[in-house]
Ligand SMILES: Cc1ncc(COP(=O)(O)O)c(C=O)c1O
Ligand SMILES: Cc1ncc(COP(=O)(O)O)c(C=O)c1O
C-alpha cells in the first residue's frame with residue numbers, strides 16, 4: 001500500500017485535562033487513525049480523522065468471536081520539545097505475531113509507524129510534559145464483518161487512539177502487593193497467551209477483582225498445567241533478583257513477550273549483570289524468600305515501566321520482599337529506562353525513535 | 001426493572017432472502033432489541049428498534065479487553081403457525097453464568113425472555129417455514145465504557161439480533177469429518193472455557209482453518225493439561241455410543257454446558273438408554289474404534305442439532321466410524337429432537353415455550 005494518509009482535522013478541539021489529573025486511558029486526543037481491510041482489496045483508505053464513535057453492525061465478528069488484537073506503547077516529550085517513541089518497531093512486530101495467531105491479516109509495520117507519526121503530528125499538543133507523564137498509544141485491529149459463522153472475518157479496521165497519561169505512581173515508585181492466583185488460569189501453552197488479544201484480559205478480570213478486594217494490586221499467574229510455574233502479572237512480566245543474578249520466566253508460549261522485559265534484559269546484560277530466563281516455580285521463590293536469597297522482585301510493562309514488588313501472597317502465606325521497599329536495582333532500572341525514554345540520559349542502544357522534532361516556532 | 005419495552009418500528013422493511021438460500025447468520029431481521037446498563041443505575045431503557053449499527057467509542061472496553069458474552073437459541077414456526085422457542089430459560093441461565101465469570105452484571109432472565117417475545121412479535125414474518133429452517137437468535141452483552149484500564153466496565157449494552165437460517169445440512173443429515181487437535185488448546189480448567197464468551201472462539205479460529213485446509217469440518221479439542229481427554233468440537237458437545245451405552249465428556253469446567261447436550265442426555269434416559277458422563281481419552285476411543293466397540297459418534301449443538309461424526313483424524317491416523325454413515329441412534333435423536341422443536345411430535349418434557357400463537361387472520 002502506498003496510498004497517501006488523508007487528514008481531516010476537527011473543528012471542535014476538546015479542552016485538555018489538567019496534567020496532574022490524567023490517570024490512565026481516560027482522556028483521548030482530538031484525532032484518531034483508521035484504515036479498512038476487505039478481503040481481496042487488502043488494507044485501504046488510511047486516514048486521520050476527528051476522534052469519533054465507530055459504527056459497527058451488531059453482527060460484527062468482534063462482538064461475538066473476539067477476533068481482535070491490540071498494542072500499547074508510549075510517546076514522550078523531551079525537555080527540548082522533541083517527541084520520542086520507545087522501540088515502536090517491536091510493538092508492530094508483536095502486533096503481527098498476534099495477528100497471525102488470531103487469523104487477522106498482517107498490517108505493514110512501516111505503514112503503521114507512518115500512520116502513528118502523522119497522528120502524533122496532528123495531535124502533538126496533547127503530549128504532556130510534566131515529569132512522568134506521556135502519551136499512551138493504543139493501536140488495535142477489530143473484525144468487522146457482520147456474519148455469525150465462526151470463521152475469520154473478511155473485513156477489519158485498524159485503529160490508533162491516543163491518551164495522555166499521568167505518572168503511573170503519582171507519589172513516586174512504590175512497591176506493590178501481588179496476589180499469587182491458584183484457582184483461575186490466564187493462559188496455557190497452545191492457547192493465545194502469547195498474543196495481545198482481548199480474550200486474555202477478559203478472562204483475568206474476575207481473579208483481579210478478587211485480589212483487589214483482598215488488598216492486592218494485581219494477580220501473579222501460575223502456569224495452567226501444573227500451577228506451579230510463575231508466568232506473569234496482569235499486565236507486566238516479572239523479574240526476581242536472586243543472589244545477585246536476575247531471573248525471569250522464559251517465554252514458554254503462554255506469556256506475553258514484553259518489550260519492557262526485553263529491554264530490561266538488554267540493559268542488565270549491558271551492565272554485566274547475569275540474566276537467567278528459565279522456568280521458575282513459586283515454591284522455589286518462597287524458599288529463597290525465607291532464607292534471604294530473594295533480594296528484589298519487580299514487574300515490567302509499558303504502563304508502569306518498572307513496578308517493584310514488595311509482597312507476594314501465595315495460599316494465604318505473605319512473603320515480604322526486601323522489607324517491602326524498592327530495591328536498589330529496581331530503582332536504578334526505573335531511573336535509567338525512564339531517563340532514556342524521556343530523552344534525559346544517553347540512549348546507547350538506539351531504542352528511541354524521533355516521531356517529531358522540536359516544534360517550529 | 002419493570003420498565004416497559006419501548007417499540008420503534010422501521011419504515012424501511014428489508015427484502016427477505018429466499019428460504020432456500022439462507023445459510024447461517026448472514027441475514028438479519030428488521031429490528032433488534034437493546035438495553036443499556038450503567039453502574040449505579042442498572043439496566044434501563046429496554047427497546048425494540050430498527051436493526052442498525054451500534055456506535056461505540058473506539059476506547060470501548062469490548063474492543064480491547066473482550067468483556068463480552070453471548071448466547072444462541074432458535075425459534076421455530078410450526079405447521080399451524082405458532083412460534084416456539086426451545087428451552088430459552090436455560091440459555092438465559094447460562095448467559096448469567098457466563099456473565100458471572102466475565103464480571104458482567106446479571107441480566108434478569110424473565111426480562112430477557114420478555115424482550116425476546118416482543119422482538120419476535122415485531123419480526124415474526126421473518127421466521128421461515130420451510131423444512132429445517134428456523135430463526136437463530138443471538139443475545140449478547142458488550143462492555144461499552146470508554147476507558148483503557150484493565151478492569152470491569154461500568155457500562156454495558158444487552159442486545160438481541162435475529163437471523164433466519166437454513167437447514168444446517170441442506171442435503172439432509174450427513175456425517176462430518178473431524179480433526180483431533182493436538183497442538184492448539186481451546187481452554188483449560190480455571191480459564192473461561194465453560195463461559196460462552198468471545199475469546200474462546202477467537203483462539204480456536206487458527207486450528208479450525210488448518211483443519212479445514214486438510215478437509216475436515218471442525219476440530220475436536222483435547223484437554224489443555226494432558227492433551228489426552230476429549231473436550232468438545234468447535235461449537236458442539238460430543239457423544240459416543242460404545243457397546244450400546246452412550247458416553248460423553250463430563251462437564252469439567254473447561255467445556256461448554258450445551259443445552260442440546262443436556263436435552264440429548266434427558267431424551268436418552270427417557271428411552272432407557274444408559275448415558276455415562278465421564279472423562280474419555282482419545283486413545284480409548286481409538287481402541288474401541290479399532291475393535292468394533294465404537295458404534296456411533298455425534299456432535300450436539302443449537303446450530304446443527306445433531307451432527308453425526310463419520311471420521312476422526314488423530315495424529316494422521318483416520319478412524320472411520322460406523323462405515324462413515326449416520327448411525328441409527330443419531331438419526332433417531334435428530335428426528336425426535338427436531339420433531340419436538342418444530343412442534344410436529346409430542347413434547348413430553350415441556351421443553352417448548354410458545355413465543356406467539358397462530359397469527360391473527
Ligand atoms: C499480559 C501482559 N504481560 C506483559 C506486558 C508487558 O509488555 P510490554 O513491556 O510490552 O508493555 C503486558 C502489557 O503491556 C501485558 O498485557
Ligand atoms: C463451544 C461450544 N460447545 C458446545 C455448544 C453447544 O451448545 P448448545 O447445545 O447450547 O448450542 C456450543 C454452541 O452453541 C459451543 O459454542
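Using N, Cα and C of the backbone, Cβ positions are placed for all residues, glycine too.
TrEMBL annotations: computationally assigned, not manually curated.
Per TrEMBL, the stretch carrying the note region 'Disordered' among A:1-23, A:24-46 is A:1-23. For the compositional bias 'Basic and acidic residues' (A:1-19), the DSSP counts in helix, strand and coil order read 1 helix, 2 strand, 16 coil. Same-chain residues lying 6+ beyond the ends of the compositional bias 'Basic and acidic residues' (A:1-19) with a Cβ under 8 Å from its Cβ atoms: 26-27, 30-31, 33, 42-51, 108, 111, 114-115, 118, 122, 125-126, 128-130, 133, 164, 166.
When other Cβ atoms within 10 Å of the Cβ of residue A:196 (N6-(pyridoxal phosphate)lysine) are tallied across all protein chains shown, the result is 26. Secondary structure at residue A:196 (N6-(pyridoxal phosphate)lysine), taken from DSSP and collapsed to helix, strand or coil, is coil.
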